[in-house]
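According to TrEMBL, the coiled coil annotation covers 61-88. Per TrEMBL, compositional bias 'Polar residues' is recorded for 1-24. Residues annotated as domain 'IBB' in TrEMBL: 40-103. If you look up TrEMBL, you'll see 1-32, 373-394 marked as region 'Disordered'.
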Amino acid sequence: TVDSSETCQSMAENQTSINQSSPHPSDPDAVSDLCQSLAAANTRHAVPVSCAMDRHQSMYKNRGRAALDQVERRRKELELQKQRRFNAMSLARRLAEDDWTTKDVDENDDLDDDLVSVADTNETLATEELTADDTAESLQRKRRPGKNYRNQLMLSEWLMEIPDNLETEFLLKLCPQGKRVLVVAAKGITKTFDRRGRCIMTFPSELPGGCRQFRAGLTVLDCIWDTSSFHVLDIMHWRDLQLYDTETSLRFHWLETNFVESAPNVCRRTPKNRHPFLIVESHSCQRERLAEFLTLQPPFPLDGVLFYHQRGAYTFGHTSLVGWLKPYMLTEVLGLPCHQHYSIGLPADYQGWLVDVERFEATRRQMALAYSQDRQLRRQQQQTRSENSHSMVD
């Protein structure tokens, strides 16, 4: 607020000085002086890109606004969960049967409504921006699953602030390097889908519904695929038990206590279970426990660290209820010493947590723009070929 008032006062002073020296339109020299004054005024309030210190200052000013926005959206999403109309059993049936055409006779089934899905950029950049001004209705639309296997995963946001209730309301999970996938086991076969809903693998598993010998039941998992094993981050359905509307703490507890016990062979490779499913354990964010845990060597190569709000249900698309940091950011953000493996991947020009987040976001925007332009070009080429083929027929 102080920064904003100072900026407004400074801009008002600039405008006053410019107005006092405003020239007559017919005076070319005066007009040139005015243009220079305007450029100087704009330059004073632009975000410098070349100066590292100014980048830091700008990021930390914006950090306050982004943090407040994230806190407010987190509050809204928790409130929305209490009133959302979502037929989880209908979604489970559609995932099992790959049936997205029929409409269930259920007044609460909104899966066939017009949905606002995650923006289609590319496989790793799918996102939809949410703001604190989003209404409950718009948030509810954004939190519905897609009409196919796309937009079925709960995705994180950059952690822009340290929540006041981090120690009491959040759980931490290490995220291994690999590909984020949706695993659906049903009718005697196990299928894996990427974030865009494309089936990338089919194989037998000993998950309920995953092979001919375990044909009964349905399993829906949120996993990381590392080319040899599946690391299970979350669970949404197991046999006849749907867990979409269950709080995160209960889903994680069930996953870590009942998963292997209910299917003892899923954690190793067998003829009926082609790829192992390994549980990614959750950890308390209480400072003493976290300090002890972070000094241990991670069990696998890390891509990042996830912070789950314990009271969050499983939702769809990006959500403020799941925060994300790169491993090398933890020491700075949490103020805790970490094992040396957390520093792997630290950029040589690392200038701080928020500056690095902005760097990632700038790269994401560039890639999204390039993807959009490439897709538009392909559409134009396809339209041109179609017009040429029609003209040849004529």
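Every residue gets a Cβ built from N, Cα and C, even glycine.
TrEMBL: automatically predicted annotations, no manual curation.
Confidence over the coiled coil (61-88), given as mean pLDDT on the 0 to 100 scale, stands at 69.
Counting residues of the region 'Disordered' (373-394) by DSSP class, helix then strand then coil, yields 21 helix, 0 strand, 1 coil.
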